[in-house]
Amino acid sequence: MKWLLLLGLVALSECIMYKVPLIRKKSLRRTLSERGLLKDFLKKHNLNPARKYFPQWEAPTLVDEQPLENYLDMEYFGTIGIGTPAQDFTVVFDTGSSNLWVPSVYCSSLACTNHNRFNPEDSSTYQSTSETVSITYGTGSMTGILGYDTVQVGGISDTNQIFGLSETEPGSFLYYAPFDGILGLAYPSISSSGATPVFDNIWNQGLVSQDLFSVYLSADDQSGSVVIFGGIDSSYYTGSLNWVPVTVEGYWQITVDSITMNGEAIACAEGCQAIVDTGTSLLTGPTSPIANIQSDIGASENSDGDMVVSCSAISSLPDIVFTINGVQYPVPPSAYILQSEGSCISGFQGMNLPTESGELWILGDVFIRQYFTVFDRANNQVGLAPVA
């Protein structure tokens, strides 16, 4: 009997998962639009989401660039704590980048005045460095320093974690941002300044039993979304997980067999590469096939630059099917048409990302909301299953 109890306790210990609740908030684009600031912002900032995946590096000064405008449409955010005692921050959990950064008390920019700021002097475990970091986004940049401290993530105490502390931030962009900073969950090979990503540090310290994390994004306007570190919760999906090999260990890059509509190939007919990215809200692809998709679904550009469709037409639009590793993943019009305050906006975006293996597609939140996603570092694979 004692052995049975012991085995039960061991099994239970191996299934411990750490969950970080994500809250769905109003995106920065929507906030700017409601305040009548979006048109002016778009005029001043030449948005180029592709720069997220091809940053410009200046190694001699340890300055790294990563465009912040990629987070213009983000809606899902979680809370972490940094320091001892912990100071709380709202961050984007981003599988399309690898660094952690938050505002600091050294920042006097307007954007920092209405966000949480980390104070190293209030933390007994903070360790400073002489390294600097700069994250650019067009006409301005976030500059700061790198330091080490304990990061609290969903009940995990991640000690000796390197992160960026901002000293200047571009007010015209970040002042209205619904988040304080970014927590990257991609591979360490794309980490700026060679900083160890949060999940790598967690795994290296033996703080989780499985070298993987998983994501569930709820369509609910408020709650229900979650990032799970070190485990998989089958209550969030139906059927079985289908596993897809990672083709390049940088971003979470996989092969897509084809993209079809009404049984006909509309893109990626001979296969293509895609990145599964929680830090991108839309489904993006090369401008030419995306333009064809927009035409097929009857989308046209409005004065804000959004591709809009008639809300009454949604029920008659077809699914768009992504075939991945031989399995079909339909995305229905209720998912790829985003409805907000009487407007219906296409969830597709054109973006050219040329690589040696061809143009990249980005499977952002529009896709991930439909499919529970496991990011398996141990086996370098992505698991997908329909959400429950």
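For all residues, glycine too, the Cβ spot is worked out from N, Cα and C.
Per Swiss-Prot, the features are:
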type: ACT_SITE; residues: Asp94; note: active site
type: ACT_SITE; residues: Asp277; note: active site
type: DISULFID; residues: Cys107-Cys112; note: disulfide bond
type: DISULFID; residues: Cys268-Cys272; note: disulfide bond
type: DISULFID; residues: Cys311-Cys344; note: disulfide bond
type: DOMAIN; residues: 76-385; note: domain 'Peptidase A1'
type: MOD_RES; residues: Ser130; note: phosphoserine
type: SIGNAL; residues: 1-15; note: signal peptide
**Complete:** Cys272 (disulfide bond) and Asp94 (active site), compared by Cα position, are separated in whole Å by 22
**Asked** Ranking the disulfide-bonded residues Cys107, Cys112, Cys272, Cys311, Cys344 by other Cβ atoms within 10 Å, which is at the bottom?
**Response** Cys311
**pLDDT averaged over every residue in the domain 'Peptidase A1' (76-385)** = 92
**Message:** Just to be sure I understand the packing, how many Cβ atoms besides its own are within 10 Å of the Cβ of Asp277 (active site)?
**Reply:** 27
**Prompt:** What subset of the recorded positions Asp94, Cys107, Ser130, Cys311 lies within 10 angstroms of Asp277 (active site) at the C-alpha level?
**Reply:** Asp94
**Fill in**
Counting every protein chain shown, other Cβ atoms within 10 Å of the Cβ of Ser130 (phosphoserine) number 7
**Request:** Round to a whole number and give the Cα-to-Cα distance in Å for the pair Asp94 (active site) and Cys344 (disulfide bond).
**Result:** 26
**Request:** Out of Cys107, Cys112, Ser130, Cys268, point to the one nearest Cys311 (disulfide bond) in space (Cα versus Cα); all of them are recorded positions in the record.
**Result:** Cys268
**Message:** DSSP secondary structure for Cys112 (disulfide bond), reduced to helix/strand/coil, please.
**Reply:** helix
**Message:** Neighbour count, 10 Å Cβ-Cβ cut-off, for Cys268 (disulfide bond): what number do you get?
**Reply:** 23
**Item:** Rounded to the nearest Å - Cα separation of Cys112 (disulfide bond) and Cys344 (disulfide bond)
**Value:** 33
**Complete:** CA pair Cys107 (disulfide bond) / Cys268 (disulfide bond), Å rounded to integer, equals 45
